[in-house]
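Engineer: Quick one: the structure is below, and I'll ask about it shortly.
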Amino acid sequence: MAQIAQLGLRASQFLWTLLITALVGNVIATAFAGNQSSINYAIFVAVFSWLVLLFGFVAAWMDMSNIILTALDALAAVFTFIAGVVLAAKLGVHSCGNIDYIRHNSLTNGSPNMSKRCHELQASTAFFWFLFASFVGSLVLGFLSGGSSMSMRRPGIGRKGPSMSQV
């Protein structure tokens, strides 16, 4: 049952990472005056999340060290938490329709369509929090299952143990 839950969490991580990559990538692509370091950090976290996801999917089918996957889940959870906090703090809680706000905010200013950039960054912030919750869930399941995060192999195949004649 934990394996199915872990697979569901990996699927949600895939969804949130895909959305974050698309939104933050578009923010970077439409910038005409460079980007803040917090936006660059957000895309770094998205790329790191992709690497953790790829390793997690490979570890599901191969005999790999699950301690490494649990450590990567922990790092990804910390990185996504930091990205969520930084973007939320720099954006503040304002309406993207407030022209005065988007002109004077360092994250939203720097694009021909500042309102669109504001909406994309607000959505990215929310998705970072969802991604954080998904990584924490994977981390908890990894600890509860003794570090065996998302192992979908059958337990009896390839194991050598005592035969019944030795009992």
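Glycine is no exception: its Cβ is also placed from the backbone N, Cα and C atoms.
Pulled from TrEMBL, these are the listed features:
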{"type": "DOMAIN", "residues": "5-141", "note": "domain 'MARVEL'"}
{"type": "TRANSMEM", "residues": "14-33", "note": "transmembrane segment"}
{"type": "TRANSMEM", "residues": "39-60", "note": "transmembrane segment"}
{"type": "TRANSMEM", "residues": "67-89", "note": "transmembrane segment"}
{"type": "TRANSMEM", "residues": "126-144", "note": "transmembrane segment"}
Engineer: When you scan the chain for residues with a C-beta under 8 Å from the transmembrane segment (67-89), skipping those not six or more beyond its ends, what do you find?
Structural biologist: 38, 41-42, 44-45, 48-49, 51-52, 55-56, 59, 107, 121, 124-125, 128-129, 131-132, 135-136, 138-139, 142-143, 147, 149-150
Engineer: Any residues 6+ beyond the ends of the transmembrane segment (39-60) with a Cβ under 8 Å from its own?
Structural biologist: 7, 10, 13-14, 17, 20-21, 24-25, 27-28, 31, 66, 68-69, 72-73, 75-76, 79-80, 82-83, 86-87, 107, 121, 124, 128, 131, 135, 138, 149-152
Engineer: Do you know the DSSP helix, strand and coil residue counts for the domain 'MARVEL' (5-141)?
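Structural biologist: Summed by class, the stretch gives 110 helix, 0 strand, 27 coil.
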